[in-house]
Each structure stands twice: as structure tokens, then as C-alpha cells.
Amino acid sequence: MIRSLTTLLGASFRRQLAITAVYAVLQGLTFALLVPVLRALLGGQSATGWLTVFAAVVAATAVAHYIQSRYGYAVGLSAMRGLFHRIGDHVATLPVGWFSGDRVGRLGQLAGKGVMDVMSVPAHLMQVLVTAVVTPATVLVCMLFFDWRLALAALATAPLIWLAFRWTAALVQRNDAAVHDAAAEAGDRVVEFAQQQAVLRAFGRTSEGFDLLDKALARQRTALRRLLGTALPGLGAVALSVQLAFTVTLIAGCALALGGSVDVPELAGVLVLAVRFTEPLLAAADVGAELRLARGSLARVNELLSTPALPEPGSPKEPAVPSVELEDVGFSYGDAPVLHEVSFTVAPGTMTALVGPSGSGKTTLTRLIARFWDTGSGTVRVGGQDVRELSTERLMGMVSMVFQDVYLFEGSVEDNIRLGRPAATDDEVRAAGRAARVDEIVERLPGGWQTRVGEGGATLSGGERQRVSIARALLKDAPIVLLDEATAALDPENEAALVDALSALARERTLLVIAHRLQTIARADQIVVLEAGRVAELGTHDELLTRDGRYAAFWRERSRAQGWRLAGRA
Ligand SMILES: Nc1ncnc2c1ncn2[C@@H]1O[C@H](COP(=O)(O)OP(=O)(O)OP(=O)(O)O)[C@@H](O)[C@H]1O
């Protein structure tokens, strides 16, 4: 752990270790000086000399303690700031696809509590740990000068104490990961429980609770109970071995005193020393739990920081025309293959509709084009260049994405549109808003363009949120648009507005649409039918209807549901 911290925190941590070691040596000397002081006092000699030395060392120890505490907090604070920056900088380089599942929740936990755990090492725990080793070692060396036999008696128990510490650590480590996972899961479930109140209440799940949360809390309880059960014998062994060190020194001292080879004042001094000598060891056992937490958090911070960033090309290429091309693209989430040998081209200025059953890989495919992940096999080209050879900035400049599930940020409608191009003027923002028919939404909002939309855009409907997101894409003015059309049934007014907004977006742009509405599909220049991650059919609407394959069946079924005729076109 010390090696990881030195790598992570650098020279300041090494300096802090040195300062703490000086403090621990001084503390050991303070304890050791009790022997000559007591010997002088109890033996009836003048103690002034030793008392002066003792007072000087106590004063030096107090100064060292002050310096090491202040420095420890300073290092802890700068470690906290440094870690926040490093985590932030690194997270910004990770593939967007990394931020899925429960990773966001766990990242939040790591950036909050995890960083505080790591900070507690230089701020507080390091002192306890260093003094647990250096202070008793200093005392032992001093004891050698007073009476080497008593020193050896105390030293004889050191391997036992060390073994007891190692055993406890091994016992606890076995369950530590399970306790952390259970705590993280319980945290995720609590957040989910709070966020999904509307859904839970709609299904009447308020009184008996939320099964997933109950189970997560029960698992956490079990993991903690198991940890306590396994750790207790170890903690007992540590306390016993430390007491044994004291007892062995006591017995050896008494035996030597009875034999007449140690005088009583010296024995009293050494025994006081033995008591003090065990204090730092017991203190180290007390902070064991905090230390393990810090070690676990440190491991997770290191794991995050070593997650490979999205590789950026050394000499990025320039895209030529706004085209998208997929060649034999294959992709898996972990071991689960999702796309196989997908090939098609979206020519500049044309619109391609992507259709297929749920789970066939449509969303994944659009995300590979925006390089949320890199493909497992094959190549994705934008503007004729492999996306891996374009800088992220250039690729993002080429592509706008309009998601189905649009997230708006806590801010005004205008702020949310401006996200598409932060440098845009107010007029440009409003022009994009008007083109996407956001102006109609704004008219009925109390604060107009400045109305705050609430976290996630909670004060707007799904269709309205998508219109804001289309305005964002219009303002960004990227030549390629990847669009996931809303599946939710919209009221006729919203639907008409959305169609207008999309038409504005489609003008003079290259469009790849995950299409759900028949009007959109029928208007496409090319239709790609995905099935189980493969291109099942590809062609124009008329060609595919004539082929009378999967697309024709899909079209017939949807048309029936919507009251359309088989050959109907928008
Ligand atoms: N982040 C992820 N991690 C693991 N598996 C995923 C992830 N995202 C999607 N999948 C899986 O990949 C497969 C394809 O999902 P994808 O969302 O691309 O399909 P889709 O055709 O867009 O579906 P839908 O129309 O329902 O949105 C599904 O089996 C899905 O469970």
C-alpha cells in the first residue's frame, strides 16, 4: 500500500513518511528515557540531569507531532485535490461506452467516499502505522542499553505479534471484497429506489418495499456479519500477543530482579517502558478497519486510473465527405457477441433507416459510429477515414446524436440548446430553437427561453425534450446526424412538430435513423434491416417490398397496426 501511495502521491508522501518516522523515534526516546528518570528518582539519586534531557525530548516530540500532523493534513488535502483532478482528467479520456451499467454510481462513490478514504492515510492513519513500528523498535534498541536480557525477552515476542497482525489481515481480506461489493450494490439500490419512486408507487410497491433494495441490504448485513465472525479471532490474537509481550518482559524482569541482577528502580522503569511500548501496537490494531477501507479504495482508484483510455491517433486524418461506411463490423459486450459482419454505406446527403427487432443491435451500431467503443473486428469509416484515425474532437465535430431518451441539464431551455455550440450567439440559438419548433414550447413557459427545465428536463414532455435535443443538433450543425427516433406515442401536435423538426435536421445532412415511424422509413433512401446483429436485408423501400422478405413482413404488420396500406408511402 505504501508503494501505491508513493506512486500516487509522489515526493510529498515520502517526505511525510520521513517526518513521521522522526516523530516516532522521538516518541520512542521519550518512553525510553523513563527508565533512567525513574531509576534516578526511585534510587534516591539526583534526577535533574535526566529530567532536563527528558523535558527537552518531550518538547521536541511535541513540536515534531505538531509538524507531522499539519504536514499530514496538508498532504491529505493536496492528495484529495490531486486525486479529484486525476480521476476527472482520466474519466474524460475513457470511451463513452465505459459509462454504462452501475459504473456511474460506483464512480460517484469512489470520487466521494473513496477519495476521502485514501486521504485519511496521509492525514491520520500513516502516523498510527509508522509509530506502531518505529516507536517500539526505538524502545527496544534503548532497552538493549539498559538491560539486553529484558530487551531480548520483549523482542522474542515480536514474531508472534507480526504473525497475529498478518493472520488478522488475511482473515479480513478474504471477506473485504464481498463487504465492499455488497455496500456498493446497496448504495446503487438506494439511489435507484429514490429515483424510481414514481414507477414503484404506480405499481403499489411502497409499503412492502422494493425487493431489490431489501435483498441488497440483507446481503450487506450478511457480508458484514461474516466479516465480523472471521475477524474476531484475529483481533483477539493481536490483543493476546501484545499482552504476551508485556507479560514475558514482566516475568523476565521479575526473575532477574529476584536473582539480584536487576535492581528494583531499573525494573520499575523497564516495566513502565513495556506498558508504553505496547500502546502503539494496540492503536495500530484499532485502526485496522479504516486502513482496510483505505486500501480497498486505493486499489479501486488505481484500477480506475489504469483503465485504458480511448486511444487517440498519433497523426489524425481529415475526413473528406460526410459519409458513413461500415465494413464487416463485429462487436461484443464482454463475451456476448452483438454485431456480426455488418457492412453498408450511408452516402453523403442521404438518409438511411435502420430497422429491426428490439435487441438486434441498432443502438450499438450507431454508438460504434460515434466511437463510444471501438469495434471488435472490421472498420467504421466516417468521411472515408477509419474513426480510430480521427481525433475525438474532429469526429465529434462531424457527428451529432439525437437520443431517444434525451437528458436535459439543469439549466434554461436556451442553455440546453447552446450546448450544441457554446460559442453560438443568442440569435443563432433561437433560430435553431425555432427550426426545431421549440419556440412553441417556450411560448407557454413562464420564463420563456430562460425557463429552467429541471434536472433531466423533468418539466418537459418526452417529445418536447427531443425537440430541444434536435435544436441542439441543428445548432451544432454537424454534417452527419445519428438519430434514435422516439418510440413513445406522441400527441398529434407534438408528433407534427417533431416531424417538422426532423425535416429541418435532415436537410442537406447525412442521416442514419433508428426508425420506428412508417413515414420516416418510407422516406429513406436506403433501409437496413438488422436481425440478431446481422444485416438481413438492404435496399430501398420498393426493392424490399418486391423481395417480399422480412422487411415486407415487418411493413405489413406495422401498416396493419397503423391502418396503412401495404404499398403506402408518406
Ligand atoms: N452496455 C451494454 N452492455 C451489455 N450488453 C448490452 C449493452 N447495451 C446493449 N446490450 C445488449 O446488446 C444487444 C443489442 O442491444 P441494442 O440496444 O444495440 O439493440 P437495439 O436493436 O437498439 O434494441 P432496442 O430497439 O430495444 O433499443 C441486446 O442484447 C442488449 O441487451
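Quick reminder: no glycine exception, Cβ is built from N, Cα and C everywhere.
No curator has checked TrEMBL annotations; they are predicted automatically.
Residues annotated as domain 'ABC transmembrane type-1' in TrEMBL: 17-293.
Per TrEMBL, the feature transmembrane segment maps to 21-42 (among others).
Panel annotation: around the transmembrane segment (48-67), residues 19, 22-23, 26-27, 29-30, 33-34, 36-37, 40 of the same chain, lying at least six beyond its termini, place a Cβ under 8 Å from a Cβ of the stretch. Residues or ranges marked as transmembrane segment by TrEMBL: 48-67 (among others).
Marked as transmembrane segment by TrEMBL: 125-146 (among others).
Annotation source TrEMBL lists transmembrane segment at 152-172 (among others).
The annotation transmembrane segment is assigned in TrEMBL to 227-258 (among others).
Feature annotation from TrEMBL assigns domain 'ABC transporter' to 324-557.
Take the transmembrane segment (152-172) and the stretches 21-42, 125-146, 227-258: counting Cβ pairs under 8 Å, 227-258 has the most. Long-range Cβ contacts of the transmembrane segment (227-258) within its own chain (Cβ-Cβ under 8 Å, at least 6 residues beyond either end) map to 147, 149-150, 153-154, 156-158, 160-161, 163-165, 167-169, 171-172, 174-176, 178-179, 264, 267, 270-271, 274-275, 277-278, 281-282, 285, 288. Using a Cβ-Cβ cut-off under 8 Å and counting only residues 6 or more beyond its ends in the same chain, the transmembrane segment (125-146) has close neighbours at 16-17, 20-21, 23-25, 27-29, 31-32, 35-36, 68-69, 72, 154-155, 266, 269-270, 273, 276-278, 280-281, 283-284, 286-287, 290-291, 294. Counting residues 6+ beyond its ends, the transmembrane segment (21-42) has Cβ neighbours under 8 Å at 50-51, 53-54, 57-58, 60-61, 64-65, 67-68, 127, 130-131, 133-139, 141-143, 146, 263-266, 268-270, 272-273, 276-277, 280 in the same chain.
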